[in-house]
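Below is one structure; the comments refer to it alone.
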Amino acid sequence: MTKIPFVDLSFQHEPLINQIEQAILTVLHQGDFIMGKAVAEFETAFANACGVEYGIGVACGTDAIALGLQACGIRPGDEVILPANTFVATLIGVLHAGATPIFVDCDPETALIDLKAAEKAISEQTRAIVPVHLYGQMVSPKQLRDLASAHNLIIFEDAAQAHLAEREGYKAASIGKAAAFSFYPSKNLGAIGDGGILVTNDAEVAQKMRSLRNYGAPQKYLHTEYGTNSRLDTLQAAVLNVKLPHLPEWNNLRNAAAQEYDRLLEPLRSHGIFPIHNQSGTGHIYHLYVIRINESCAIEREKIQAELSAVGIQTGIHYPLPCHLQPAYQYLGYKAGDFPNSEILSKQILSLPMYPGLSQTQIVQVVQALQHILIAPEAAISG
Ligand SMILES: *Cc1c(COP(=O)(O)O)cnc(C)c1O
């Protein structure tokens, strides 16, 4: 059997294993576990890589959003616009900042936030928009900046899936006031546990963020903000320092794999299989490679997923239930039918295996398996 995992981190970690071990041992010997030397090193290196001035490491991406929005001055009562089709952490970040989330729908071709819908959702209370660079493709920086300047909104990027992505000459994290990243292990740049960072060009935001992540204390035992404890572990930063220089090369490999999928999947369009549209060319860093199995496809998504799994090919769904329909957030007052594009996508999307190190042979195997299921369903069932 083929056995193609959804994500395989060994390609990234095996060649670096000695350096990673060394980095971990160094922290162990130094004993600077909290806010150690590696943290400051990584914050500077990562901010530089993004072309942004300041980086402030935190415990996870969710905190980077929650504390980052607060550092940008978002207060209870402020409305913050976000897409309905994002990972729930975007929503949790907005809620933890005390703001009122205002969902909008997405473009059905790119799965990115629909900025026309966002414009319609703006009210007197709207202070910020949180574009999510979903799957590794950036929301148009030009359109975002036009919208934000016309309505005096803060742009706060959720770049958790977009490390070093680019579009229209902008890098992810350089469009607006601040941006949040996650280093969850399977992200394009992943730690060996949880981690996150806020990056910004604004010195005041950076200073406030440093305080918020550290008990709201600008100096020891003086608490000027209602902060929390959310720091990037020195151990995680040490590992991230080893991995960061390889990120551009890993992103290129993802983009090349995606182009190969695009090319091989072309004949399956007539069977109702459409890759999510890439509008940003080589700047798309393909955190995920997502196809849409639309109404014209003879076989339903769950069946396709099960049959791929039966031949050893793991896939994912990002995400099967949009945020506005999640049980915990029904109190926000949204209902089914509010965001039709997000709702339809959630039922039709399928994420194929994608990681640096995914081979040409494996890509061919995935596409052939799909072809087999779609074009010869009888044969596929009987194996
Ligand atoms: C992963 C992710 C986050 C949250 O990151 P954590 O580090 O898991 O807290 C936020 N937004 C998006 C879009 C993500 O994919």
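Placed from the backbone N, Cα and C atoms, the Cβ positions cover glycine too.
Automatic, uncurated: that is what TrEMBL annotation is.
Database features (TrEMBL):
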ACT_SITE  Lys187  active site, proton acceptor
MOD_RES   Lys187  N6-(pyridoxal phosphate)lysine
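There are 19 other Cβ atoms within 10 Å of the Cβ belonging to the residue listed as 'active site, proton acceptor'. In the three-state DSSP scheme, Lys187 (active site, proton acceptor) falls into the coil class.
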